[in-house]
Amino acid sequence: MPTAILLDVSLSMSRPVPTSDTTENITRLTIASAAINTFLDYLSVHAKLEYVALITFSSTYEVTVPFTRDYDSIKAKLGHLEEGDKTCIETALSGVNQLILGEWGYQTLVQTILITDGTCGVGAIGRNRIIQALPLPPSFPSKIHILPIVSPHDSCLQHAMPLYQKIVDLASSTVNNSTGNINRGAIYCPDQLSAAAVVTAMTKLCEQQYQEFWCTLKCGQLETKVQLFPAPQPASHEGLAATYTISNQIHIVGFLQQQDLGTPIAISKHLIIPQPQTNNNNNRENYGSKTPTKEGSSSETTTTEEDNTDPSKVPNFCVLLHGALKVEGMAAIVQLGPEWWGTVSAWCEASRARRSCLLLAVLRPGASAAPWLGPLDQLGPADESTNAGKEYKVTAKYTHYNVVTEAFPVRSWRSYSGGGSGCAWARPHALLADVQKVLRHARKLPDKTQHLYKELNRLRRAAISLGFSELLTSVGGALERECAALPSSAPPECALQLAHAAAALRDPRTALDIKHTLQPLATNFTVTSILKGDFVFDDSEAIINNKDVTSKVWSNTFYNDFWGTNIKSNFSHKSYRPLTTLSFRLNYIISGEKLVASYFKATNLICHGLCSVVLLFVYQIIVERVQKCNSRMYLDISFLAAVLFAVHPIHVEAVAGIVGRADILATMTFLISFLLYDQSMKYNKCTYIYLFTSVLLAGIAMLFKENGITVLSKRSKTNNFKATLIRIIIVFLAGILLVYARWMIMGGMKPEFKPGDNPAAFANNTFTKVATFHYIYFLNFLILLWPQWLCYDWSMGCLKLIESKMDFRIMFLILLYFYGILLIRTFLRPSKRKSSRRLIFLAISLLTIPFLPAANILFPVGFVIAERILYLPSAGYCLLIAIGFHKIINNNKKFKHLGNATFLLLILLYAIKTYERAFDWQNEYNLFISGLKVCPLNAKVRYNVAKVVDARQNASWALSEYQEAIRLYPEYYQAMNNLANLLKNEKKFTEAEFYFKKAISLKHDFPAAWMNLGIVLANQKRYNESLKAYKTALYYRQHYSDCLYNMGNLYLELKDTESARDSWTAAISYNPKHTFAWTNLIAMLDNTGQTERALQIIPEALSQLPKTPSLLFAVANMYGKINRFTEAEELFKNAIDLFGEQIKAVHYTNLGVLYHRWKKYDLAKEMYQRALQIDPAFKSAKKNLALLHT
């Protein structure tokens, strides 16, 4: 950790200082020189490896002594300093920044000691000007300490203190703080203006900031006391409450080849200096090697006398370790503390190779500091397998799962560019060749698609191992340029693949994850590929978790809301759509009572196709009733509008998102009702039958979705006043009756929404509320016109509220109003073509009236923008577009071909976007990642991304997304609960407890958080607190089977087997399919000698969970123990079949043991061999196989 001394040599430093204890002429500069000598004397004893530079300044600066370890040269210069003029601190800081960047680069932590006269300028204006001109924060890790040579009661010091404090604060706010937790600098004011007081202040600075760090380096039975230089700083994980401090005992836990280790990012590097072997000599030898993080400093070193005190010359453990690591080309993995690791490698100074030492690289806290090695806390010995255990081993506390840890040393699976050497791209031309190879493949797409992605992944792995993330961004930009330069004859797949690869390289979450592999974009756009997918987003709540879909009783559907909650409950969303739920139930029955997403999506697609056909007939009727022209034109407008409706990308959410069926069916019923209403206007004997059927269908449309009632607002002009009046009265009364019935069904209560669902609805300022709502209207129209920015969820900060009249988004509102004024002007302007205006008016009515329930006008809604809400309004939009193109084509023959080509291009663009969007809706991972690109400020989007990446075992990405969600929405208690669960799984119980308690403080009746807090407390052996947390969770959710299961685990830990049994039994009574409760209950009864009771409950367990392999395996083990070989064999075989790809060596081994005891030795041998095929190092199988041969 180099140090720069900034010494003020202005005129004020040369003035004499009044003293009472001496007659000598003492100046501030003399006192400062004494303080610097004290500092250098301290370093010569406690930190002789420290590099120090002396910079003097007044209005200009001068590097008096560059960085050196020759402290005597600095002392000699102190007596020959030239006086300056005035103090100019900002100039001095600029000078020291340039010196440090030139000598040490951007990564090395540097301390600066500013010694000045205690002034800053004249007046507050001068001080503020200096603060604004400060070249801070620096671009390297930094700390600045200030030592003013002034009395603490001097008014100049009081005036300068805000400036000094600002300097200290800004210096610690560096943009490149790689350690994550650099201690701040400080101001050291002397008690009085005297040499002794200033020297005392400097001594205090030395003792606080230049402490030695001694620890013990251990490797098995070997250990030695060592010093780490420079002293390591504490570190922290961004966003977490815990601070990590290096332990005073550093354990070497294993060794790796350097090429396997790669180059993980180090937050700091330190020399490991063994304690010198001296005989009654307290002075430490000057160890003359430079700090390894230094970049191109001067080469002066202090020459020292060669004797036996040189650590590199005395045989000890560090010397032996250095030689072994250097010869074998290996590095040691060391544990620095809980959840903190580093690497130790051999290092020697090039200019003085005889000075050799060990170099400690401190990695970022956490087990994922080197992701290509896997979790560092799961590395194990290379010659042992941690999953080898006794036969029939079933734990009584946790369900039986054998965790196989990766062998150690780890064999690298990476393929480095440059032949697999430890450092990729030893020369620049090797890197250039790799990039050119990628571009060559890019220019030969689609034939070289696989080759392109193979080279990209190879390039990524090498770049990640070197921390070279800028390379990935640059290659992504190059691929985008290649995409823009594609000839017109190139297949569309080329552009899609290049754009996809460029986006993947620019995405920091996937690009920097070495376990992630870039895959080619699936470009086989077929209907079958779109239908393949999972239940996503709201589908889980509305279908998978909805008992109204899967239960035997269907009548409850009419008493519950769309999500399965009682419609009159305070917790209900008040979305009453029983007919849609029944359609889901019909899907479930037709598919053999299985929830198969493809069947549900196929049904949605069929419904959308039928809806498009019905809409074609509606368009034809509308155009025929209004326009007085030939039938050829009717087909043109209606057909163009129907085709546009069929391919519009805004409908993907309604079709691919299964809950969107409510909008499709409501729209279809709406359109059929409209057709019947049209029939009722022909005035025949069936007129009122058609009318009442139309009204009935309007009511049915409401049972699909609420906006179906808006069909009652559609009417056409007739010449029969009496019939028209009767029709209006019937429709009006029917509307009132349906709305009243809907209100009564809801129990006379409105739904309750949270501010995060629709922030504008909860705004206190009327201007903010109105302006934001109108901006939302504009965005709805915009995504209809150009559906580029599509997102599954627009809540929680996705759109910032318009709180100022100067907000630039106001101009979009002006544009919206201007468009509305033009429409009104068109309708009011006298014209002979009244039929054309009526057609436009009907199209606008079809666009706006169905949108009114979602416009926050009548009542607030629980969303900001929802694409599926636009399914019915888009019918009016498509008609408007078709009318416009029809006018262009028919009114001006010159533009006929251009208009046709433009419309075909629009259809093509919409179709391509529809297919692309459909792939986003195939699974939640694609959907949530797509939402992140559109709404990065949406806390819910971040939360959902965290959930899906956590499910894919990407804990580090999930951790960052949960933290970002909490930052965006500090009251997001669900995100806190999930983040704490993630930390709990990583054994970070202190941080997990912090977030669980924070979530509970925001929502006290949060049973899941209480239960999880109990688990964390139990892991910390705080059993009484854990039990209290479990009981609190059960207070808020009485039939909480998971909590009862965990409480049973706690009782078992307390040796209270009776209470454990009761808890697990209660968990099973509330959830008969609770696998873990059954397994632990049977295992506990077996282990406590209650075999008979276990045998009594096993039949019930197997009847509830007949295809649960872990339970079958546990029961088979028990039957094997009591010599019920036939039953055990059958259960073992069933379990092995059900485990499938998750089969492990222990499963075949235990079946082998069964045959072994059964004296079926051939079968036993076969099972042991199968186990060894899965895991050749499995000890139990090896041992039992050897027993067979003997």
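The count begins at 1 with the first shown residue.
Positions of Cβ are set from backbone N, Cα and C atoms, glycine also.
Whatever TrEMBL says is automated annotation, not expert-curated.
Pulled from TrEMBL:
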type	residues	note
COMPBIAS	279-302	compositional bias 'Low complexity'
DOMAIN	210-366	domain 'Integrator complex subunit 14 beta-barrel'
DOMAIN	424-526	domain 'Integrator complex subunit 14 C-terminal'
REGION	274-312	region 'Disordered'
REPEAT	1007-1040	repeat 'TPR'
REPEAT	1041-1074	repeat 'TPR'
REPEAT	1145-1178	repeat 'TPR'
TRANSMEM	602-622	transmembrane segment
TRANSMEM	634-652	transmembrane segment
TRANSMEM	658-676	transmembrane segment
TRANSMEM	688-704	transmembrane segment
TRANSMEM	724-745	transmembrane segment
TRANSMEM	766-790	transmembrane segment
TRANSMEM	810-828	transmembrane segment
TRANSMEM	840-863	transmembrane segment
TRANSMEM	869-886	transmembrane segment
TRANSMEM	898-915	transmembrane segment
Other parts of the chain folded back onto the repeat 'TPR' (1041-1074), taken as Cβ under 8 Å at six or more residues beyond its ends: 396-398, 1007, 1010-1011, 1014-1015, 1018, 1023, 1026-1027, 1030, 1033-1034, 1080-1081, 1084-1085, 1088, 1104-1105
Determine which residues of the chain contact the transmembrane segment (658-676) at the Cβ level, with the cut-off under 8 Å and only residues 6 or more beyond its ends counted. 535, 538-539, 542-543, 562, 577, 579-580, 583-584, 597, 600-601, 603-604, 607-608, 610-611, 614-615, 617-618, 621, 690-691, 693-695, 697-698, 700-702, 704-705, 707-708, 710-711, 714, 850, 868-869, 871-872, 875
For the transmembrane segment (766-790) and the transmembrane segment (602-622), does the number of C-beta pairs under 8 Å, pairs 6 or more apart in sequence, reach 3 or more? no
What is the number of residues in the repeat 'TPR' (1007-1040) that are helix, strand and coil, as DSSP sees it? 27 helix, 0 strand, 7 coil
Taking helix as H, G and I and strand as E and B in DSSP, count the residues of the repeat 'TPR' (1041-1074) in helix, strand and coil. 27 helix, 0 strand, 7 coil
For the transmembrane segment (810-828), could you work out the same-chain residues 6 or more beyond its ends whose Cβ comes under 8 Å from its Cβ atoms? 771, 774-775, 777-778, 781, 802, 837, 840-841, 844
If you count every Cβ pair below 8 Å, which range out of 602-622, 634-652, 898-915 shares the most with the transmembrane segment (869-886)? 634-652
Summed over the repeat 'TPR' (1145-1178), the DSSP helix, strand and coil counts are 27 helix, 0 strand, 7 coil
